[in-house]
Amino acid sequence: MAECRPWLVLWVGCCGCLCLALGELLNDGLLAVGMGTGDAARQEEAALPLGDTVSEHMLRLYDKYRSGGGRAKESLRYRQALPDGNTVRSFRAMNGDEHKKCHYMFNLTSLTSSENILSATLHYYLGDLLNSSHRCPHSLFCTQHGHAKPEFTLYLTLWSFNALQNPTHVISNFLINVSASQRDHPLWQWKDITQAVRKAKEYGEAVLGFNLTIEYPNHRSIDILGLKPYILVYANDSAISEPDSVVSSLHGPHTPLALKPNRKTEKAEQRKKRSTEILLPLQNNELPGAEYQYSVDEEGWEERKPYKNLQGRQNEKDKNKKKLRKGSRQKSQTLQFDEQTLKKARRKQWNEPRNCARRYLKVDFADIGWSEWIISPKSFDAYYCSGACQFPMPKSLKPSNHATIQSIVRAVGVVPGIPEPCCVPEKMSSLSILFLDENKNVVLKVYPNMTVESCACR
C-alpha cells in the first residue's frame, strides 16, 4: 500500500490540473458561445431576451472590447476571427422562402459603404447532432455497448440575391466532415465567410440565403432546421470619426434628434394647459410663485389681471390698497440684481476653480431619449472642460504656443477684441456602445473621443 501512495498522489495532481484546464476553457467560452464572463456581462443580460444566443455572444464581445482587449486570453482560433476594428454587426437568420429554396435568409442591408469588412463568421448549431447516438448499423463503427457516435458530412451553401430576385450567385459552398472524435467539440460551430460577404456587398446583393444539409454514411440526406444560425461581421467604419457620427449612427435610424412639440388637436387647442402657464415666467424673467395669474383663451395669451373674487363691489380706497399690494407682489417675483444677490453669486463662483480644468459630467442615455435602443452602457462619465485661460497661464494648463502668444497680445491690449484662449479637451478616450439598429440587430461600435481625460488651453 505504501508503494502505491506516490502513484495515488500523482494521479490526484493530474486530475486537479485537468480540472483547472477545463475551467479555463469554460471561462474563455470555448465550450458554449452563449456563456458570459464577468459581472458586467451578467448585469447587462437582463436587457436581452432569454436564450438569445446572438445577443449573449454580442454581450461577451462588448465586455471584451470594454475591458481593453480581452482577446489575448482567447484561443488562437477565435483570435483569427476577431480582427481589430471599431464595429461588430450581428445578423439574425430569418425563415427562408420556399420559392428561393433557402432554409434561412440574412438581411445585410445595414452594412454601410463606409464600413470596410475585415472578417465575417457564420455560426450554426450542431448540439443535437453531436450529442445524439443511434444503434450502430455496422459492427465496425460500434462501441462495446453497441452504440455509435454520429459520423456525417455537412453541406453549407450560401447564395446572394436581391430581395425581389431568386438566388443568383452561389458565393460559397462548404463541405465539412464530422467524425466520431469531434463529438466533444463546441455545440455551436462557426465558419469563416469573409469572402462570401465581401462578394455579396460587391454585387450589391445584400441578402444571403443559407442551406445546411447533413449526409450520413448510408447516403441519407436531411435538412437541419434547429436553432437559427447567425452571422457576425467585423468591420472598420471610416466615418465613425466624422462630426456627429454618434448621432447619425446611434440616433439616425430611429427618430430625428429634435424637441418634440405637443401635437394639439382642435379640441386640445381649446383646452387650457398648465404647461403653457409655466413658460410665461421664463419669458418675462419672473420667479414663479405659488399661484399663477396667467390664463389662456382661444385667441392666445391674455394680459395679466387680478384674481377674481365673489365679494361685493369695493370703493376707490380699497382698490388703491389692492393695487399697492399687487405691485409689491409683482416686484417680489421679479429677479432683483441687488448687492446681496451679486455677493452670493460671486461667493459661489469663488468656491469653484476658476482656471481651466476638467469638470464632472455624467450622461444618462435615458435623459436624452436613447435608452430604448442602447443596451449598454446605460450611462457614462463624459466630463467637460471649463475655466479661464488668462495671462500668465501656468504650465499645468499645458497651453500651446499659439495660446501663449494670444494671451500675451490680449493682456497688452494692442489689438482690440482679442479673446482669451479657450479651455478645451486635450486627451479623450473611446467608448464602446452596444445598441440595436433599425432591423433590431445587435451592433457594437467603439466611438472615439467620448470621454474627456484632460483639459488644456488652446
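From the backbone N, Cα and C atoms, a Cβ is placed for every residue, glycine too.
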According to Swiss-Prot, which candidate among C385, C389, C422 shares a disulfide with C455?
C385
Regarding the disulphide bond with C389, report which of C422, C457 Swiss-Prot records as its partner.
C457
Among the residues N107, N131, N177, which does Swiss-Prot list with the feature N-linked glycosylation site?
N107
Annotation N-linked glycosylation site in Swiss-Prot: match it to one of N211, N449, please.
N449
Per Swiss-Prot, which of C422, C423 is disulfide-bonded to C356?
C423
Go through the recorded positions N107, C385, C389, N449, C455, C457 and tell me which ones have a CA within 10 A of the CA of C423 (disulfide bond).
C385, C389, C455, C457
The one of C385, C389, C423, C455 whose CB sees the fewest other CB atoms within 10 Å, among these disulfide-bonded residues:
C385
How big is the gap, in Å, between the Cα of C389 (disulfide bond) and that of C455 (disulfide bond), rounded to a whole number?
11
Give me the long-range Cβ neighbours of C457 (disulfide bond): same chain, 6+ apart, Cβ under 8 Å, in sequence order.
C356, C389, M393, L397, K398, P399, S400, A403, S407, P421, C422, C423, V424
How far is it from C455 (disulfide bond) to N449 (N-linked glycosylation site), counting Cα to Cα, in Å?
13
